[in-house]
Structures are given as C-alpha cells and as structure tokens.
Amino acid sequence: MVSTPVGLRKGSWAEEEDKLLRKCIDKYGEGKWHQVPLRAGLNRCRKSCRLRWLNYLKPNIKRGDFTPDEDDLIIRLHKLLGNRWSLISGRLLGRTANDVKNHWNAHLQKKVLALEEEKRKAQETIQTTIFKPRPRIFRRIGPLPSRENITIEPNISITNQNSDNLSPSSSKPVDGECTQWWSNLLASVEIDGEIEPESNGTSLELQGENTGWNDFSLDKDIWELLSSENNTIM
DNA sequence: AACGATATCAACCGCCTCGTA
DNA sequence: GTACGAGGCGGTTGATATCGT
C-alpha cells in the first residue's frame, strides 16, 4: 500500500477497513465525512471513506452486467444530460455514478459512436439517390404575352403593384414578396428557347392557350402546393 | 508456458459549489 | 464581501484480469 506524506493510507481497501467503515456508518449514519476516519479508526482521508461507501459498501448497490434496458436508458439520458453521471445514475436503481461512468467509457461510448457512424453512412447513401430539383425551363412559342395581367388557368392570376414590372391593373393587389418571386421567375424565361424542356412523370405539363405559353413544366407537388391556396397566387 | 495487448473497475485528484463565520 | 471547510462531481490513473499469439 502507498502512503501519503502525512501518513494517510491510499490504494485498495482491506476487508478490515471495510468492516470498520460499515460499522461506523451503521452507528452514526451517512454524512459528516470529515469525522468518519476518526470515528471509524481509519487512517484514510474523508474523501476516500465517502467514495468507498458510496461506490462499494452502501446497501442496495447493484453488481453485475448492465441489462439492455439499462444500456438504453443510459444512452438516452446521456444524450439528454451529457456527462452528468450522478444525475444519470440517479435514474438507475442501485447503480453508482462511478459504475455508470466506467460502463459508458468501456462499452456504450463505442457503441453509440458506431451507431452514429452507421447512421451517417446510411444518410450518405440516401443523399446520393436524391433527385435534385431541376431548373424549370420555359419556352415561349409565339409572342410574349402582355404583362398587364397574366392569368394561368384555371384561376391563378399574377398581378403586380409595381408599375415597373407587372401591371397594377389587375383586380387584386399582390404581396410584394410573392410578386418579386414571380417577377424573377418571369424574368428568367428563355426568350429564344434553345433548351428543350425536360419532361418526366412527376412534372405537370400545362397548356397556356390564352397566355401565349405553349408549354412549361412545373413539379407537380410545387404546383399543387401553390394552387391549393384558393387557386390564386396572391 | 510466457508474454504483450486490451478491458475492466476501484480509487485518486483537482476543481466547483455551497454554507458558515 | 471574503475566507475557509465540507461535500460532491467528473476526469483520469493504475492495478488486476482476461484474451490472443
């Protein structure tokens, strides 16, 4: 055994020391740890006595392997609380903070890291199969329609309060932000239409007979989302 | 059987908080 | 307001056990 410069014992506890400490706690109860070494007749520091009692001698301390349920609870609580071992152990009947901490460092940390890595790889796999939104290409066939008031069937009207862009002559005033979005959209129209519009099963082909637009495609989901708002874009 | 690597866990250390004088 | 001591906590260490070669 190692001794401190002031003569206090360190290192593993002997059976006799455990007996003395147990007897002392039985007689005086827990607490007043500064008095325990004297009362018990132990040549140990107060902290050493407290630790030995809390982590080893205290009744109802659960020994043996952690159950899967306990593992699961520790992982969840650690996610919530971080390295607050005393709080975590408080939710696990009979387990000490030291036990939980050791178990985490020896087993669960690796397990959690492995799971996170697995999850990350799975996420990467999913991301590689995601279809990115394609640019919407509008092709004009025929003359541009008047911007005074563009109506997309059935009841979607595009109007603008800004006289520099779309005409204010429409029946309903429009929200500035939405108008800007549409203005930008319209400004991006390919005038000479060299690029063929892409077509797939998820896009919605619309015929704009009255608008001068021969065809354009819009993702169906987006379209439905937009048109669900009373079929009117502001 | 011998040895090194790795895992496990009890114990220690240093710091922080809180109560008290 | 401040100094001090006790209690408590989390990080780290070191001894021992177990496993693989």
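Heads up, the Cβ atoms here are built off N, Cα and C, so glycines get one too.
As annotated by TrEMBL, domain 'Myb-like' applies to A:5-57, A:58-108. Look at TrEMBL and you will find A:8-57, A:58-112 tagged as domain 'HTH myb-type'.
Residue counts for the domain 'Myb-like' (A:58-108) under DSSP, helix first, then strand, then coil, are 32 helix, 0 strand, 19 coil.
A mean pLDDT of 87 is what the model gives for the domain 'Myb-like' (A:5-57).
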